[in-house]
């Protein structure tokens, strides 16, 4: 009943019209590549009989997750850049915030699960089929989604219930929790501390799983007698690690810090890195550069 703000103003990515048009063209291309790459992964891994393995099952779900995550903010961002309309309703802002954080958290868990899958496949190949059976893979996927929403739902609900009496301007291109907390006219210390604890659990926790998995993979690869085999394996691992490093480093620097530091222009640049750049690279790094996927894609195009 105390809420007087009916909408929020998102300042967006640029101050000049010329720069907005340039960013619009860049983001349109990036969004198109994200959709094209991920839809290609989903369709190829669904129709090709040779790609019905746990690895491609995880990649298919990861592609679906990336499409959903990027679509939480990209259409509204593009619309804002094109029309110069900067406002977003309270309901739209809260929904965007909830899905952005829940799907972003699910992405982190999914990357950890995929690294675990590669660890079992490379380090324990004889037990791979028995461990990564259909039931266990489904349980891992459902657990990623369930845990993500269970962790992020409570602070999101508490943020929604806060009173907002003005001002209503956020220096960002999507509704960010830390900025919303700064705009509230109530005491938000508990929510800030809760968010900090949750992010401390999620970001370093999933990073440790991913890092240990790839560390074990690298140790195993070093024992491969063939130099060509080692080069191929290191090429794949290094590409994965570059994406993981960029994604985690920007996320950790952006979110594991006091909320009072939010709202800087550098935050928007960091957010672009983990929400657009890595999402654009992931389909190619994880799937489309794979020899089996390229062959299946080639066959599908020829047909």
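Glycine is no exception: its Cβ is also placed from the backbone N, Cα and C atoms.
Feature transmembrane segment, per TrEMBL, maps to range 63-82 of the set 3-22, 63-82.
Against the transmembrane segment (234-256), stretch 268-288 shows more Cβ pairs under 8 Å than any other of 63-82, 136-153, 268-288.
With Cβ pairs under 8 Å as the measure, the transmembrane segment (23-51) is packed most heavily against 63-82, out of 63-82, 94-116, 136-153, 268-288. Ranked by Cβ pairs under 8 Å to the transmembrane segment (63-82), the stretches 94-116, 136-153, 268-288 are led by 94-116. Counting only same-chain residues 6+ beyond the ends of the transmembrane segment (94-116), those with a CB under 8 A from a CB of the stretch are 55, 58-59, 61-62, 65-66, 68-69, 72-73, 76, 88, 140-141, 143-145, 147-149, 151-153, 156, 159-160, 174-177, 180, 202-203, 206, 209-210, 213-214, 240, 244, 247, 251, 275, 286.
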